[in-house]
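K.L.:
This is the structure I want to talk about, given as structure tokens.
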Amino acid sequence: MSLLQHSLDRVSCHPFPSISREPSRRAASSSIFGNGLPPRFSQLSVGRRTSQGPLQWVFPKSEIRRIVQRGISRNSASGSFLPENELQSPTLLEFVTSERVKVVAMLGLALALCNADRVVMSVAIVPLAKARGWNQSFSGIVQSSFLWGYMMSPIIGGAFVDHYGGKVVMAWGVTLWSLATLLTPWAAETSLLALLTMRVLLGIAEGVALPSMNNMVSRWFPQTERSRAVGITMAGFQLGSAIGLLISPIIMSKAGIFGPFVIFGLFGFLWVLVWLPGTTSTPDKHPQISRYELDYITKGKKPLIRIERDEKSKIMPPLVKLLSRLPTWALISANAMHSWGYFVILSWMPIYFNTVHHVDLRQAAWFSALPWFMMAVLGYAAGAVSDVLIKKGVSVTSTRKIMQTIGFVGPAICLLGLNAAKNPSVASAWLTAAVGLSSFSHSGFLVNFQEVAPRYAGVLHGMSNTAGTLAAIMGTVGAGFFVQKMGSFRGFIVLTSLLYLSCALFWDIFATGEQVEFDAVA
């Protein structure tokens, strides 16, 4: 209140001329004019002091008090009574209605389509295998063909993301994977080679999705909000799995095996039509962003290392130097383990419930979809907790290690519980807990690329995604051969649990939340 009184005293003790009323936006400058009038008072005409008496107020003094109070309580980018380096977090309403949340919502929708297009085959593979006489080993090969393409694009795609920005690369990615999804029914009816080609094209296109998302988040969000932003986008990613698993059997029952491929493919093209005109690569280019939000984004994060135009001819980064640092290998191992567990569960859980617990396809889809809803919820919660820890002074390194440890040790324990389950309800509960806790990885390694290598975040993400894809192929194909040889999923689940624990230990030893200098460029 003393600060309020001091501000009122300054207003009453300094003469200043009338200022015309103008539409007010929060200006970038936070300076105080020489006449003692903060820029916020540009909304008022307040009169002048005369020799015959005190200052005559055109607006009541209560109005001035209200505006001064607002200036104290909301330290905006203009007229703030607080230091510029003490920017308050926006209110919930301001956050929800901000332009950066609109961007991240579109990213979440893109990742939902990405995963929905991916999991349709997990449901369709059962009737396709029966119709064409495929055994489990060959079914695993058909499903893993997506990963062959997914392994090809992340490094080059990540370099393109760093070079051209996430907006353009994401638009091309969604266009290509929607085309591949739409053409899958034609390919399946034409030949096995055509089907595998479309699955490979789907993987190539989807390989740029996560690096593009990471690039856009790093440009549109300060560090104190990045975990939450990644949580929102990855919630869309997981909801895509759930929606695909739940809706696909229903659509198949009405429109045939290939109905979901057509519907999801068309939705992808619709997304591109909204994304291109409604989004910009960086917030400073957005025509509708407020100056306050722009200043909050830029002042609340470390500036990105920019590449000068004459350096842009070197699209590919120093891969050898990137691979020479242990934090890089911590990211690679974490992504590999996360992908192993994720794709094994994504590809084989419907078949697991069908063969182990004798649940029919539609019920298996429900049992398999429930964990992805939990992953979406816990992923956002983990992001919010992560941001709070950083705001309260916990180091970024400690925060990332805490989140990633939960994301690996939790699923390891839950998979052992799944192995011991005697009925589908208990198995579903353990699987839901395992998948849900794995979402803490989104606030661990997934957001760590931007912190370790802001200049090379896209290509570093691509490198780790390539390793993750190799691990996913090994897990997806290996699970099929393991089940065929051993006759059970249980041994493979134990192996996955042990791998989770090993990778958690490696991460806790070598990961960091600080920027690593990979070259001498300032």
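Yeah, the Cβs are placed from backbone N, Cα and C, and that goes for glycine too.
The following feature annotations were taken from TrEMBL:
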type     : residues : note
REGION   : 15-34    : region 'Disordered'
COMPBIAS : 17-32    : compositional bias 'Low complexity'
TRANSMEM : 103-129  : transmembrane segment
DOMAIN   : 103-514  : domain 'Major facilitator superfamily (MFS) profile'
TRANSMEM : 141-161  : transmembrane segment
TRANSMEM : 168-186  : transmembrane segment
TRANSMEM : 192-210  : transmembrane segment
TRANSMEM : 230-251  : transmembrane segment
TRANSMEM : 257-276  : transmembrane segment
TRANSMEM : 326-349  : transmembrane segment
TRANSMEM : 369-390  : transmembrane segment
TRANSMEM : 402-421  : transmembrane segment
TRANSMEM : 459-483  : transmembrane segment
TRANSMEM : 489-510  : transmembrane segment
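Thinking about packing and proximity, how do these listed features fit into the structure?
P.N.:
Remote same-chain residues near the transmembrane segment (103-129) are listed as 135-136, 138-139, 142-143, 146, 170, 174, 177-178, 180-181, 184, 188, 199, 202, 206, 209-210, 213, 216-217, 220-221, 229, 232-241, 243-245, 248-249, 252, 257-258, 260-261, 264-265, 267-268, 271, 274-275, 278-279, 346-347, 350-351, 354, 361, 365 (criterion: CB distance under 8 Å, separation of at least six residues from the stretch ends).
Averaged over the domain 'Major facilitator superfamily (MFS) profile' (103-514), the predicted model reaches a pLDDT of 83.
Residues 101, 104-105, 107-120, 122-124, 213-214, 217, 259-260, 263-264, 346, 350, 361-362, 365-366, 368-370, 372-373, 375-377, 379-384, 439, 442-443, 446-447 of the same chain lie 6+ residues outside the transmembrane segment (230-251) yet bring a C-beta within less than 8 angstroms of a C-beta in it.
For the transmembrane segment (402-421), the residues of the chain that approach it from at least six positions outside its boundaries are 227, 334, 337-338, 341, 382, 386, 389, 427, 429-431, 433-435, 437-445, 490, 493-494, 496-498, 500-501, 503-504, 507-508, 511, judged by C-beta separation under 8 angstroms.
Packing against the transmembrane segment (489-510) from elsewhere in the chain are residues 326-327, 329-330, 333-334, 336-337, 340-341, 344, 348, 352, 355-356, 401, 404-405, 408-409, 411-413, 415-416, 418-419, 444-445, 475, 478-479, 482-483: each is 6 or more residues past its ends and has a CB under 8 Å from a CB in it.
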K.L.:
As a test: from 141-161, 326-349, 459-483, pick the stretch that has the greatest number of Cβ pairs under 8 Å with the transmembrane segment (192-210).
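P.N.:
Per the Cβ under 8 Å count, 141-161.
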K.L.:
Establish whether the number of Cβ pairs under 8 Å between the transmembrane segment (326-349) and the transmembrane segment (168-186) reaches at least three, counting only pairs separated by 6 or more residues.
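P.N.:
Between the transmembrane segment (326-349) and the transmembrane segment (168-186), contact is absent.
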K.L.:
What residues elsewhere in the chain lie close to the transmembrane segment (257-276), defined as a C-beta under 8 angstroms and at least 6 residues from its ends?
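P.N.:
Non-local partners: 106, 109-110, 113, 116-117, 120, 123-124, 127-128, 167, 170-171, 174-175, 177-185, 188, 244, 247-248, 251.
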K.L.:
Return yes if the transmembrane segment (141-161) and the transmembrane segment (459-483) have at least 3 CB pairs under 8 Å (sequence gap of 6 or more), otherwise no.
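P.N.:
Stretch pair touches.
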